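Feature annotations, courtesy of TrEMBL:
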TRANSMEM  107-128  transmembrane segment
TRANSMEM  295-315  transmembrane segment
TRANSMEM  321-340  transmembrane segment
BINDING   ASP384, THR386, ASP776, ASP780  Mg(2+) binding site
ACT_SITE  ASP384  active site, 4-aspartylphosphate intermediate
BINDING   ASP384, LYS385, THR386, PHE537, LYS561, ARG590, THR670, GLY671, ASP672, ARG752, ASN779, ASP780  ATP binding site
TRANSMEM  837-857  transmembrane segment
TRANSMEM  863-885  transmembrane segment
TRANSMEM  915-935  transmembrane segment
TRANSMEM  941-962  transmembrane segment
TRANSMEM  969-989  transmembrane segment
TRANSMEM  995-1021  transmembrane segment
Amino acid sequence: MVCFQLAASQGAGRAGLPPSQPVCVLGPRCSEWLRCCGGGEPRPRTVWLGHPEKRDQRYPRNVINNQKYNFFTFLPGVLFNQFKYFFNLYFLLLACSQFVPEMRLGALYTYWVPLGFVLAVTIIREAVEEIRCYTRDKEVNAQVYSRLTARGTVKVKSSSIQVGDLIIVEKRAPPLLSTGSCFLRTDQLDGETDWKLRLPVACTQRLPTAADLLQIRSYVYAEEPNIDIHNFVGTFTREDSDPPISESLSIENALWAGTVTASGTCPRRGIELRSVMNTSNPRSKIGLFDLEVNCLTKILFGALVVVSLVMVALQHFAGRWYLQILRFLLLFSNIIPISLRVNLDMGKIVYSWVIRRDSKIPGTVVRSSTIPEQLGRISYLLTDKTGTLTQNEMVFKRLHLGTVAYGLDSMDEVQSHIFSIYTQQPQDPPAQKGSAPTTKVRRTMSSRVHEAVKAIALCHNVTPVYESNGVTDQAEAEKHSLGSAHPLPPLLCPQVALVQWTESVGLTLVGRDQSSVQLRTPGDQILNFTILQLFPFTYESKRMGIIVRDESTGEITFYMKGADVVMAGIVQYNDWLEEECGNMAREGLRVLVVAKKSLAEEQYQDFEARYVQAKLSVHDRSLKVATVIESLEMEMELLCLTGVEDQLQADVRPTLETLRNAGIKVWMLTGDKLETATCTAKNAHLVTRNQDIHIFRLVTNRGEAHLELNAFRRKHDCALVISGDSLEVCLKYYEYEFMELACQCPAVVCCRCRGPVSRLSVLADLPVWSVRPAGDGGNDVSMIQESDCGVGVEGKEGKQASLAADFSITQFRHLGRLLMVHGRNSYKRSAALSQFVIHRSLCISAMQAVFSSVFYFASVPLYQGFLIIGYSTIYTMFPVFSLVLDKDVKSEVAMLYPELYKDLLKGRPLSYKTFLIWVLISIYQGSTIMYGALLLFESEFVHIVAISFTSLILTELLMVALTIQSWHWLMTVAELLSLACYIASLVFLHEFIDVYFIATLSFLWKVSVITLVSCLPLYVLKYLRRRFSPPSYSKLTS
């Protein structure tokens, strides 16, 4: 979108746009516009203002669609996604096989009801998510906007907006400047929450009303759609003027989708919007725990095939042995529990609910409920610094002039210098005495301080906003209380801190618009400056500049400030810049270098002509503009250094110490310079006091990287500090060697690591299944999405990282409890739940194997109908699922002893060893119950069913009680409820169980003996293990 016109709106009383006085921009106000149809490759386009019928190509619709399915593809799509997994397909084939008479083993519902329950849960969950997506999409697509037409203003839905439409959009925003400028925010694109100034097309400012835009013959040439939200190349041309007017359009004239306030013609829509092109589809994350469970189920499937083959082999492959194999595969299908996936998925929902309800980490949001167990398996934590470890609130700390430095305790001296300058000659203010570059007279200290403070007060893009007694107009509000003003933040927060500091020392920014700046002196005199050019800060240039004209003297001055790495080559030679920048960085301060250059009138006119010509270029515009600006950036006078501090968040130090004691290695990624990053790492206790730090020397080629890696290899147990450039070189030539050494370090600091690509390169090479990034800005989103488990911190850089993360927290300190308590509990609970569900299925399968072997390897089911369904549902489901409430230690103990978390990193709660132990337990108990029932039954076969099934139910309930570490009242309710359900259902199970037999004393003592024999040895073993080889957590609870 490109700004066109704003009628003068002096005294506008609201932070928005009155319909009678619109701001015109090029494009609609939209949100995230996602997948929709469009034709062909994106091409440059010519858009005629207010005439969408003149479009030269077909464009996609301006709608969003976040749904995975539509009405016709929902059911087929959900079923396909379920049955593309082997085990769901396996159970489907089992159920379908029951339609073949030769393979039927029992009632159809025995197989179809469990499968139908699993599918119903999945379909309902998907349907709820799709309905929510549809509702959100419909709400956004139905938003009403005002479109300028020849008949006046017409209301249209956002889905009806076409390329070329003139759209008026009203949305609450900071007050607009009377010169036609407006502000926007791109926090949902790049994480920046600061307001950015956008400028209108100058030649449309003279039009009386917005409707006159439809009367002129004008068009916009726009580049092809691309993902770059920090640049825009286009031109505006008016053909009906004499001569035709052509004006360049850049990022300063552009307003992307998802921003605040605009009206204009729409050059792009739908999937061509840059907000959409910057939106990647996050991958579906599967935790290591789920893969381990899948591996165990594959082992169970192998066991199923082996047992079936053994049964047929013991029959000497007689008759139609291939049918017997299939019947045995059906008969022993319980070896693979169909309820395992449902139990684990429901457990994940419980874990997510518990995390959200934790009052000690308020505001925590679980956006991905599929990987809570992964919180208990984190080995590496990649964290951003600004806004994640720090508060992202800048405080001015230091002003350095080369020969003298002023800190917080000496700011009154700076204030006295400014006061003396403006009170010595009140009729002849310093602005009128500006010194030319040729002046050789040594300036006084007051003059040097004044020049530095004035440069800081002018070189920025902060706009003061006044709200006094309902008056929002700048000129009127200045007559009221100064205390009602507050700065509107520009691109970087440090600029606000600098402007607020200049106000504290006496030079106050009282007004600013597109073309002028006003400063107030200690004597209440207003200094007026005209803004001739403004060069905004970019991450590529690492500096910003402004050219102003003093209205009282006509003197033109070029001010610039930026990072020391770029300013060192721009300012005049000096012998203190590098040393003092390093000293301030070692104190943890962010350093900016401030410089100026006086320009003659002829010199500026020549520059302006070349600058305007470069801005009109369509091809290589950025390069040409940068070349022209660089022609001024030579031999500038160094004025001062400024240092601002970004303070650490509360409890960052104890949180990092907790993570370190838990065996988690923390990597900090920051864009700060090496000294600042090292100081922050020490202050945050990322690096312990007695720990050595190895600073990786800057390398540019393979040979230097090889030598530095050899030097690093000789260091042991030291933290690593490396720059982003050196990191890229090492990963390019010695990826494996570098990562092997870096992963052994207790902590790693990557400085000058600004872009998402640099952070992704670090993430891509860390050991898989062990990484958890934490960030708060738009540049952290790609790192969070590509990680195994990402957490976003809701900071001052916006909510984009938080929205893209799997888990969202409000403060970094909450990360400790999220991992130590919830991550640990989720992993241990799921491990116990999965193994117990497998035990439950193996136990009944072992009984079936014993039963078949006793009766000459016949493929006859032991339990049929409701018994087989009820066993894994109403009889044992609630006690088994209650394991999701179990915990071995209290949350306070888990936080106090983070070493308990370290035990989980080896995966011991769910391993081949524990799996084998549960398999042996299942075989023992299943065999004991079955052989006991066969030995103790007297006459009828139905007595075997009654004795064995009752013993099986009681054994499972007792095993749950044996597994529980800490009882919850719901666990007791689940145990008693399940037992009551079984006893009550015996009345209705006369088809399978002899009701009169179960009421006899013979039945009771036989069941008691069998249950005792199956469970008592395990209770004894558990007691002996706790007595002679207790686990680590039991020592803390005893």
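Even glycines carry a Cβ here, placed using N, Cα and C.
TrEMBL labels come from automatic prediction, so no person has curated them.
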Taking contact to mean 3 or more CB pairs closer than 8 A (sequence separation of 6 or more), are the transmembrane segment (969-989) and the transmembrane segment (295-315) in contact? no
For the transmembrane segment (995-1021), find every same-chain residue at least 6 residues outside the stretch whose CB is under 8 Å from a CB in it, and list them. 921, 924-925, 928-929, 932-933, 936-938, 942-943, 946-948, 950-951, 954-955, 958-959, 962, 986-987, 989
Cα distance, LYS561 (ATP binding site) to THR386 (Mg(2+) binding site), nearest Å? 21
Stretch winning on C-beta pairs under 8 A with the transmembrane segment (915-935) (pool: 295-315, 863-885, 941-962) is 941-962
Pick from ASP384, ASP672: which of these binding-site residues has the biggest number of other Cβ atoms within 10 Å of its Cβ? ASP384
For ASP384 (Mg(2+) binding site), the one of LYS561, THR670, ASP672 that lies nearest, given that the binding-site residues are compared by Cα: THR670
What number of additional C-beta atoms lies within 10 angstroms of the C-beta atom of THR386 (Mg(2+) binding site)? 22
Beyond the flanks of the transmembrane segment (941-962) by 6 or more, those residues with Cβ under 8 Å of it: 836, 839-840, 843-844, 847, 862-863, 867, 871, 875-876, 879-880, 882-883, 925, 929-930, 932-934, 971, 975, 978-979, 982, 992-994, 997-998, 1003, 1006-1007, 1010-1011, 1014-1015, 1018-1019, 1022
Sequence gap of 6 or more, Cβ distance under 8 Å: name the residues on the same chain that satisfy this around LYS561 (ATP binding site), in order along the sequence. ALA455, ILE456, CYS459, ARG543, MET544, GLY545, MET567, LEU592, VAL593, VAL594, ALA595, THR642
